[in-house]
Amino acid sequence: MPSYTVTVATGSQWFAGTDDYIYLSLVGSAGCSEKHLLDKPFYNDFERGAVDSYDVTVDEELGDIQLVKIEKRKYWLHDDWYLKYITLKTPYGDYIEFPCYRWITGEGEIVLRDGRAKLAHEDQIHILKQHRRKELETRQKQYRWMEWNPGFPLSIDAKCHKDLPRDIQFDSEKGVDFVLNYSKAMENLFINRFMHMFQSSWNDFPDFEKIFVKISNTISDRVMKHWQEDLMFGYQFLNGCNPVLIQRCTKLPEKLPVTTAMVECSLERQLTLEQEVEQGNIFIVDFQLLDGIDANKTDPCTLQFLAAPICLLYKNLANKIVPIAIQLNQVPGEENPIFLPSDAKYDWLLAKIWVRSSDFHVHQTITHLLRTHLVSEVFGIAMYRQLPAVHPIFKLLVAHVRFTIAINTKAREQLICEYGLFDKANATGGGGHVQMVQRAMQDLTYTSLCFPESIKARGMDSTEEIPYYFYRDDGLLVWEAIKTFTTEVIGIYYESDQVVEEDQELQDFVKDVYVYGMRGKKSSGFPKSVKTREKLSEYLTVVIFTASAQHAAVNFGQYDWCSWIPNAPPTMRAPPPTAKGVVTIEQIVDTLPDRGRSCWHLGAVWALSQFQENELFLGMYPEEHFIEKPVKEAMARFRKNLDTIVSVIAERNKNKKLPYYYLSPDRIPNSVAI
């Protein structure tokens with residue numbers, strides 16, 4: 001009688017093992033085997049991290065093995081099991097791999113196909129077509145779209161983390177409990193004693209040092225020492241937490257009536273302001289998005305305020321970017337003066353603080369939340385709904401949506417919900433952040449997620465004219481590495497543009513993103529379909545880059561740049577000044593966040609800047625969804641390219657007082673998971 005050797009690998013995460021009964025049956029082209037209990041006498045099967053082998057003898061020839069069925073039945077209490085993969089050695093000495101990397105919950109059954117990636121048209125056998133269809137039908141019931149707030153991209157239909165399908169939940173919910181993490185952060189930072197001192201102002205700038213912890217190898221200490229300097233202020237628009245707003249100014253806006261006479265002392269080339277604009281030396285950051293957004297009113301004891309500044313910057317003779325004019329609101333007028341470096345010290349400093357605070361709000365809610373977290377969730381839900389596990393694009397993307405839906409669900413549950421943690425310290429809490437996302441959706445376009453296009457659209461693409469824009473330089477290297485990799489993988493499975501166009505599952509995935517994620521808005525520029533291999537490569541590069549590199553660039557520097565509170569105030573407790581010559585140091589300190597809010601802010605930026613336990617970085621694919629040699633070779637080349645980029649960035653950073661490392665591939669997690 002034919003005998004097969006079955007090898008079963010159990011996951012190594014917490015609670016991955018099981019004591020339940022595990023049955024296996026084989027489905028071949030010539031017949032189906034009986035159910036076999038996988039059990040070795042006097043042995044604890046399916047322990048966490050175990051790889052167990054069993055001999056399975058069948059009554060008759062099964063032909064080519066097409067499917068493996070795994071069934072779990074209760075032993076004592078329901079005991080979930082994480083199955084990594086099964087390998088089968090046939091009676092003829094062949095090995096067949098069946099990747100799984102899923103949880104089997106309750107009294108469940110999983111039906112696995114062998115690991116070769118297949119497009120739908122390649123499946124000619126009825127049982128395989130049926131398996132493919134059933135898998136998607138099941139997933140579409142599990143992964144449902146939901147509107148969390150009007151005007152937002154749609155998200156997963158789940159009220160809390162435990163409502164999610166088991167396969168996409170965190171291994172340990174404790175690790176991503178925001179309340180727990182913030183409390184842990186407060187302990188690590190030794191700031192518990194200030195935590196409840198809401199409404200209590202600091203005395204002066206040095207007083208903020210009481211909650212400021214110097215941590216070796218971070219930029220935060222340098223920020224504390226130099227935050228008042230114009231050079232440090234300008235540098236952050238290029239390489240800080242939010243390096244996506246600055247753009248070259250091609251025409252001075254009418255709403256900012258700044259003249260050459262006002263800024264003459266800042267211009268180093270003996271040219272008029274208009275001539276400097278023509279030569280490409282003037283840059284602008286406009287926070288128009290914040291105009292009219294409601295400030296946080298959740299604490300009746302503390303009034304909180306927002307502004308919508310316009311900041312004009314100048315590239316000096318040393319090619320450094322410095323601020324030369326700031327107007328704190330959008331409509332010019334006597335009570336909305338243009339602040340200048342030549343003004344009184346504290347007038348100019350407070351104007352810059354207002355810009356830094358506004359930058360913090362746009363960074364947190366738009367650059368970070370909307371444009372990495374929520375967008376990546378859309379890609380993830382669409383992938384699970386429309387691409388079966390056997391599809392090459394599913395195999396390619398699954399590592400890049402790991403835990404994304406879970407972290408966003410947790411955020412909606414604890415962080416950005418009504419009365420959530422976000423309301424505690426942020427002036428855009430209490431609903432302002434929701435208004436901001438609704439507005440920013442108008443500017444969320446497909447092109448703006450294409451990294452090279454977004455840089456070019458802001459006129460920031462010339463390395464010669466803007467030499468110190470490391471976010472751009474490193475981002476382009478990573479973008480090209482990802483694009484080269486996706487192009488190679490597509491070349492393996494799609495022999496022509498026609499095959500791309502005729503792949504209905506792929507087209508349904510792209511359509512789901514457009515119709516549900518982007519709410520079917522033509523103006524978003526998101527494609528409804530993808531018709532060429534080149535466009536597919538670009539699309540997949542957008543998905544992977546957004547989830548990995550873009551998120552890393554705007555997330556992991558938060559402690560570096562935002563821990564020194566005056567450099568990134570999460571709220572302001574007095575309105576913007578309406579006249580010059582009246583600002584005092586006491587007034588600035590009374591405007592900055594109080595002790596309690598400062599502590600919540602510090603805990604937040606600390607918690608958000610930490611990597612996950614067992615983080616997987618770009619190019620790491622420990623789950624072997626692909627078994628084909630050409631893809632494994634493409635992955636190896638991808639890792640080699642990324643290693644080269646790591647070396648280039650390390651060499652550039654040598655001896656730099658302000659190193660830029662957020663886009664070094666060894667610091668870029670594969671997915672949005674924090």
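The count begins at 1 with the first shown residue.
Backbone N, Cα and C define each Cβ position, glycine as well.
The Ca(2+) 1 binding site annotation in TrEMBL covers G17, D79, D80. The Ca(2+) 2 binding site annotation in TrEMBL covers D39. Taken from TrEMBL, the feature Fe cation binding site applies to H368, H373, H551, I674. The annotation domain 'PLAT' is assigned in TrEMBL to 2-118. Per TrEMBL, domain 'Lipoxygenase' is recorded for 118-674. The site 'Essential for stabilizing binding to COTL1' feature in TrEMBL is assigned to W103.
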Exercise for the section: Just jot down the residues in the same chain as H368 (Fe cation binding site), at least 6 apart in sequence, with C-beta under 8 A of its C-beta; none if empty. Expected result: H551, V554, N555
Fill in the blank from the handout: G17 (Ca(2+) 1 binding site), Cβ-centred 10 Å count of other Cβ atoms over all protein chains shown, is 21
Problem - Residues within 8 Å of the G17, D79, D80 Cβ centre (excluding the Ca(2+) 1 site residues themselves) - result: F15, A16, T18, D19, D20, F46, W81, Y82
Problem - Extra residues within 8 Å (Cβ to Cβ centroid of H368, H373, H551, I674), Fe cation - result: L369, T372, S376, I407, V554, N555, L608, V672
Handout entry: Neighbouring binding-site residues, C-alpha within 10 angstroms of W103 (site 'Essential for stabilizing binding to COTL1') - of D39, D80, H373, I674
Key = D80
Handout entry: Nonlocal residues around D79 (Ca(2+) 1 binding site), in sequence order (Cβ under 8 Å, 6 or more apart)
Key = T18, D19, D20
Handout entry: Position of peak Cβ density within 10 Å, selected from the binding-site residues D39, D80
Key = D80
Handout entry: Length of the line joining the Cα atoms of D39 (Ca(2+) 2 binding site) and G17 (Ca(2+) 1 binding site), in Å
Key = 14
Practice task
Have a look at the binding-site residues (H373, H551) and report the one with the fewest Cβ neighbours inside 10 Å.
Solution key: H373
Practice task
May I have the DSSP-based helix, strand and coil counts for the residues of the domain 'PLAT' (2-118)?
Solution key: 0 helix, 60 strand, 57 coil
Problem - Averaged pLDDT score, the domain 'Lipoxygenase' (118-674) - result: 94
Practice task
Give the sequence-ordered list of residues that share a chain with I674 (Fe cation binding site), lie 6 or more positions from it, and have CB atoms under 8 Å from its CB.
Solution key: V176, I407, N555, L608, Q610, F611, Q612
